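Below is one structure, written out as structure tokens; the observations come after it.
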Amino acid sequence: TLRMLVPALLVLLFCLRGCAGLSPYFLQQPEDLVVLLGDEARLPCTLGAYWGLVQWTKDGLALGGERDLPGWSRYWISGNAASGQHDLHIRPVEIEDQASYECQATQAGLRSRRAQLHVLVPPEAPQVLGGPFVSLVAGVPANVTCRSRGDARPTPDLLWFRDGVRLDGATFRQTLLKEGTTGSVESILSLTPSSHDDGAILVCRARSQALPAGKDTAITLSLQYPPVVTLSAEPQTVQEGEKVTFLCQATAQPPVTGYRWAKGGSSVLGARGPMLEVVADASFLTAPVSCEVSNAVGSANRSTALDVRFGPILQAKPKPLSVDVGEDASFSCVWRGNPLPRVTWTRRGDAQVLASGPTLRLLAVGPEDAGDYVCRAGPGLSGLRGGAAEARLTVNAAPVVTALHSAPAFLRGPARLQCLVFASPAPEAVVWSWDEGFLTAGSRGRFLVETFPAPEGRGGQGPGLISVLHISGTQESDFSRGFNCTARNRLGEGGTQVRLGRRDLLPAVRIVAGVAAVAMTLLMAVTGVALCCWRHGKASASFSKQKNLVRILGSSNGSSSRGPEEETGSSKDQGPIVHTDHSDLALDEEGALETKDPTNGYYKVRGVSVSLSLGEAPGGGLFLPPSSPLGPPGTPTFYDFKTHVGIVPPCRLYRAKAGYLTTPHPQAFTSYIKPTSFGPPDLAPSTPPFPYAAFPTPSHPRLQTHV
């Protein structure tokens, strides 16, 4: 009976404590746990005096309050919830399950201690580099490397065994990842094999807490040796251009796997076998041929050079020099050949030998030393070809200025003066100077300077240029004075004087021009007389083309009742018109008009004004165009009316209102000499466009006749 009372009292005690408001508490809390990858993990959690919601967290993340934990397929909660049991189960365990777990009574605000779940990953079989058969060279120290594989946890130990006996002398090394976790692990075994080790079996074992027995990887040692090579050439001494055969022989264990030929360290493309055939040249003397033989163990090579006979080859070309006057100049060039060639120095165009050997030295050079120097390599003892190379010596000195031919110029016409400049170093400036000024470039008044590159001068004379002085509208003083062309550089200056030649019209041309002017004056006088006769004859007059005649038609509206005011009326009034062309002009009797004048022409014939111009000349003057002072010799002094052919003349032969006789159309005068056409000269800005425009227009008094 006592035994039955004790449990009842305990139940009553718990009931009384619950009724009295006892606080919830943990009866069992989770603890750290180590689980193999793939096994099941169980974290216990039991609560007393608590019947509310219980949940688990993983690294602070709530898994949920339901027993089957939806969303976590490998997680669930087991136990009797009424008795406060809430154990967390995980199956199968994976790497990502390694975390910190906590059991929480949410409504009571209780949290268990944190339990760390460790997941063990057993190591995989290690990897031996070069296995399963590792070739070693007898007597040569070697390293055998064993490396772990997979993500083993914890890090495994790598051990070496031979015939079940652990080997010492291995070096253990780990590689850490960025996060500090262990990465790959390797163990290096150092050994110097002997011939007795051929076929020996070595075992590398990976062992850890997750797999105490460990996993093994075995390798077999195979002692081998690299090739032993011999290289020969046939023939060993050869003339340039002849064929040579190279033979490469080797012994090796294991057998040879390949041949590689090289010349001077560069691979010979297409050569793969033990034999190589080439055509010898000069490069084989300094670039030996090598043969490299390989097998599974390693490689070995041998090389040999040929004794090739060849002519001179330029190895270092002489460089151009530029030195100042009085300084020393030194040239050098290098030739090579087999046998060694003889080197001499000469000046181009001169057979005299200045020096022998690779260097030429000139002391205190002057302008006369400028030029091209030749480094010549003569044929060797073998009688092969020679060679030569040139270099230029430029002697820096003051500029050399030479006047170039300049064509004579007309007065008031354009002119051109030139000078040639050679200088080294190049001139800083080329200056044209004369009495009242100077000019370096650009324009100034009537003067303009241009500069052009000149053809190459004598060797070593330096770059050349041509400076041109243009003169627009020459004056008398330009022909009597000299123009100086001066060039300057850092070593001095040089210059020359250029004079402008004058080109005048020939005296015979002037005489012809004067005669022509007189003839034109007489022609105008005859024309005036003919017009006066026509006024009294009341008939039409005509000048034929061959006889320089002008046909004049009578007026049809000449009235005598007009007053003086009408006689001076506008030139726009209608009247008879002069008709002229270059065909014969016959008298048109039907078209002739008779003038009816009751006063017998007293009021109409008051005067005649004749003017030879291109239209109605202001002032009604009679003048001849003077000869142009700018025209070239042989140019006629007559004005060329050719440009005005076909233009309807604005003048009238007879005015009905005023009765004045104005200039006939220029085509009425057909017997003048056609001048030669010349381009207009380059005049000064103040020169008028036509030569005769600067002369005054002579004026003649009108003729007055009383009947």
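Numbering starts at 1 and runs along the chain as it is shown here.
Just so you know, glycine gets a Cβ as well, placed from its N, Cα and C.
Feature list (source: TrEMBL):
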| type | residues | note |
| --- | --- | --- |
| DOMAIN | 24-118 | domain 'Ig-like' |
| DOMAIN | 123-222 | domain 'Ig-like' |
| DOMAIN | 226-307 | domain 'Ig-like' |
| DOMAIN | 312-394 | domain 'Ig-like' |
| REGION | 554-598 | region 'Disordered' |
| SIGNAL | 1-21 | signal peptide |
| TRANSMEM | 511-534 | transmembrane segment |
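Per-class residue totals from DSSP over the domain 'Ig-like' (24-118), listed helix then strand then coil: 3 helix, 44 strand, 48 coil. Per DSSP, the secondary structure of the domain 'Ig-like' (226-307) breaks down as 4 helix, 49 strand, 29 coil. Residue counts for the domain 'Ig-like' (123-222) by DSSP state, with H, G and I taken as helix and E and B as strand, are 3 helix, 59 strand, 38 coil.
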